[in-house]
Structure formats: C-alpha cells, structure tokens
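Feature annotations, reproduced from TrEMBL:
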- ASP101: active site, nucleophile (ACT_SITE)
- ASP103: active site, proton donor (ACT_SITE)
- ASP101, ASP384: Mg(2+) binding site (BINDING)
- ASP103: GMP binding site (BINDING)
- 1-33: region 'Disordered' (REGION)
Amino acid sequence: MAAAAAKRLRVPTRRGYPSPALSTAAPRSPRDPRALCTLSTTLRSGAGEDEIERIRREFEDAKRNYLSIPAAIKDMPKMNPQGIYVNKNVKLDDLHVYGFDYDYTLSHYSEHLQCLIYDLAKKHLVNELKYPESCLKYEYDRSFPVRGLYYDRLKGCLLKLDFFGSIEPDGCFFGRRKLSLSEIKELYGTRHIGRDQARQLVGLMDVFCFSEACLLADIVQHFIDAKLEFDASYVYEDVNQSIQHVHRSGLIHRQILSEPQKFLIKKSQVFRFLKMLREKGKKLFLLTNSPFYFVDGGMRYLLEDQHFDGNSWRELFDVVIAQANKPTFYNSDHPFRVYDTQKDTLAFTAVDKFLPDQVYYHGCLKSFLQITKWRGPEVIYFGDHLLSDLRGPSKAGWRTAAVIRELEDEIEIQNGDSYRFQQAKLSIIHDLLGKVHATVVSTEKGQVYRALLDELNAERRQCRSGMRDLFNSSFGATFLTDTGRESSFAYHIHQYADIYTSKLENFLSYAPESWLHPPHDIKIMPHNAKVPASLFSTS
C-alpha cells in the first residue's frame, strides 16, 4: 500500500509549465490525506469486486426464477380500464356547468373513418395538388400511427418524444422506415430536441391525426422510393391542406351522414349521463368546430333508439355553439352569430343572451363568459384534443376533462400477465444495474464488470421489447416510451387535463358528489401502475 501511495503522479499542467511538487514528491506518510484517498480507493475496488460477484449471483438467481411468476404479482390490484384518473383535485359537487366537444367526445367513430379521411385527402393531393398518380396506391395502415406523434417539417421524420422532449430510441421514422439510434444521433446530434428544433415540429394530437400521420409517412416514402428530392415542409403543407380540405369542404360530413351505420358507433350510456346531469340541475353546453347540420344529423342517428323525437337532443343543452373555430375561440374577439337552421343563414343582430331554442356560430370565450356569467372553477369542459379543446379552457380557469379512447385498451394490456411479467423483470434489471453502476472495480476486474453490464443491458432491451410488442407495432404505447418514461402525449395530458378517462359514460360509476383526487404516491400519470422489484424477490 505504501508503494502504491508513493507512486509518482503525472498530470497535465496549464501552459505546459512543470509541476515540481508532483514530479519530485517523496513517499507520503499514511497520514497524508492523498495517501489515505488512494488507500480508500484501493479498498473500495476490492470490495467492489466482491460486490460484482454478489450482483452476478443475484442475477443468476433471478433468471432461474423467471418462469415462476410469484403470486404477489398475480394478486396485485389492477387498474380500472373504465376509471377516471386525476391529475388535479376535482370536487364534482362544485361543478355546475358541463361543456362538451362533439367529435370523439359525444360521438364515437369506427375505424372506417380514418380510411375515409386518408383516401379523400390522398385523392386531393393527386387531383388538385398534382402529386403523382402512383400515390394513389397507398392505403391507410391502422397499425402504424399512435396519437401524440410529431412531424419534423425540416427533416421529414415522424417522432415519438418522451415526457422531457427526447426522441424515443425506437420512435423515429423516415417515411415508413424506422431509424436506428445511430441514425437518429447522426441526424439530430442528440436524442434531445432543443428549442430551435422544436419550432420545426408539428404535434399530431387528436384522433383525426391518425390518417394525417400515416399519409405524411407514405408521401415521404414515395419520394424516397422514387429517388426524388423533396422539401419536407412542402410535404407537410400539402398533406395538411388536403386533410383540412376534407373537413372544411364537407366531404367527410356528407359521407358520414350518408352511411351513419358504417361510421358512427351508438353509445346509449352517453345520453344517460347527459340526462343524469340535467336531472341534477347542471347546466350543459355544446361547443364544437363541426357545422350544425353534421352535429344534428349525427345526434339524431345516435338518439334514434333512445325515444328522443326530432330536435329534442337540443333540449339536453342550455347552449349549442357550432363552428366555434377552436382554439381561436379562446383568445379571439369574434362575435357570436345566430344560425338559422331552416335557411342555413347567419343573422346580423347582436347576441347578448343565449336562448335554448337557438343555435349559435363562431363567438369567443370572452363573450361567452360575459353572457353566461359562469365562473371558471364551476365549469368543466370535455374534449379529446389536448391542445385545441383543453389548453384554452385550462388557461382560462375552467376545469378540464380529456376523453382518451386509447386509455382503455392500454390499461387492459398493462393489467395482463404478459406485461406485468416483463415489467417485474425490468424492475429487477434496473435495480441490479443501479448496483453495478454504483460499484468501483479495479482495472484488472474491468472485464468481469463489463461482461455483467452487457448481460444486464441485453436483458433490459429484451424486457423493453417484450413490453413494447404488446402495443402498437411501430411506435409502442401511447402513454409510455420504451424506456418506461411517460411520453410527450402523457405530458400534455398532465399539463392540460385535470382528469382523464376513456369515455364519458365512465362518470356514471361515480356519485355526482364525488371528490376526485390524485393518488399521493403517483408523480406523473396516475394510471401507470408500477410493479416493484421487491415483489419478484427470491428471498
């Protein structure tokens, strides 16, 4: 030890000047702090080598017990797929006004809708924007997109980001090809998206964006296959224009109303929930970007088996506002206009009060609050689009509720034995990796250290892959990344939704006086239960 402590040190010095004190130092006394430091490091190295062997034995024991899933995991309570999950305290009894979006909130659509949007937008690209006719060969692929992706207008990639704005290692596609981690780093320099790069990203946050994400990837792939140069921002502008044309031209609305049984899904419990609110004396309003004729046709179809006649669905609401132009509605000064449902015209008289037998167009939040006198905290608004529907109300002081249809399926998967088994294994690996990283080993034992580290990392990749494969085949889970972090989409839910659930009728399982509060032990998303490694312990 004395010889090791007395070993001469060579260190780089500033401006090339020699360091006589280090190069000519005499052997140090064991009481010299620097000698004690060297001695301590050597002892820790020896202990570290023993620790590595112990961690290796733990790892081998765990692998031998993988096939026998412990009863502790089977008996763990499962999350409720139809539950209401809470980010901020909400006392339902304090809510006197309930507002609703229409599409994917009051109404729900079949998978045929995404195919319809995709096909109509694709034809617009070819017929109106003169894209090659070969683009018509592409078809909507329901297995490809998830909600909450981003399109990079500069590089043409579809990205899935985590809660902190980093690209998921398996979540970057150029066209329909997944980029490797090395390709991601070559393209972006790092996985983290900085502020300058973030300005080039476009969020695809609502269910209607499924078809848009798929079409963007397919058009980029077309240019790649044809070996044609292209500007990724032009592709976005053209695809987005085509998607907007499908909605604004009324093509999609007319098609849906012509075959409602093909596109609309009847959910009688939704209207039971609305009637229950009315019976409790709550005020209800409808605030949608869709035109009235489309909402009216859809509601008539959805209610035809509920013993409602004619326009009586409007009797459920105190105020009906169509073509509201959200999110502009929340920060503009646009006036409200009375819409004549018979003549399809807008009146020119000023709107200073809302009448239950009238339908209103456009408007703004400022005028809405002035007319209704409804205070922010007593109002809750339900919507599916986190940015267009909920960001404005959240900033205005309303309570907000996100309707996320994917939630139910993903919780069912997370409740499954396959997912929990992989999650338990992953918890063990993370614990062991933490111990390995905290261990100091000598250079001579570095090869043993590295071998164990490589094995643990390989096992971790296998666990992550096993969990990921249970979800979307291209991008994995909607709310989680492969590394176990919450996704960027989850971040927006956490930021703009006080509560979230898979469908409106889930509220029927909760008393109107319920006080909803987040679990005290959950830091981010309350529906993401974790399986602790201690439950998988062999001791």
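Any Cβ shown, glycine's included, is placed from N, Cα and C.
Automatic prediction, not curation, is the source of TrEMBL annotations.
Sequence-distant neighbours of the residue listed as 'active site, proton donor': residues of the same chain at least 6 apart with a C-beta under 8 Å from its C-beta are TYR109, PHE208, THR288, ASN289, SER290, ASP384. The number of other CB atoms found within 10 A of the CB of ASP384 (Mg(2+) binding site), across every protein chain shown, is 22. Neighbour count (other Cβ atoms within 10 Å of the Cβ, all protein chains): 25 for ASP101 (active site, nucleophile).
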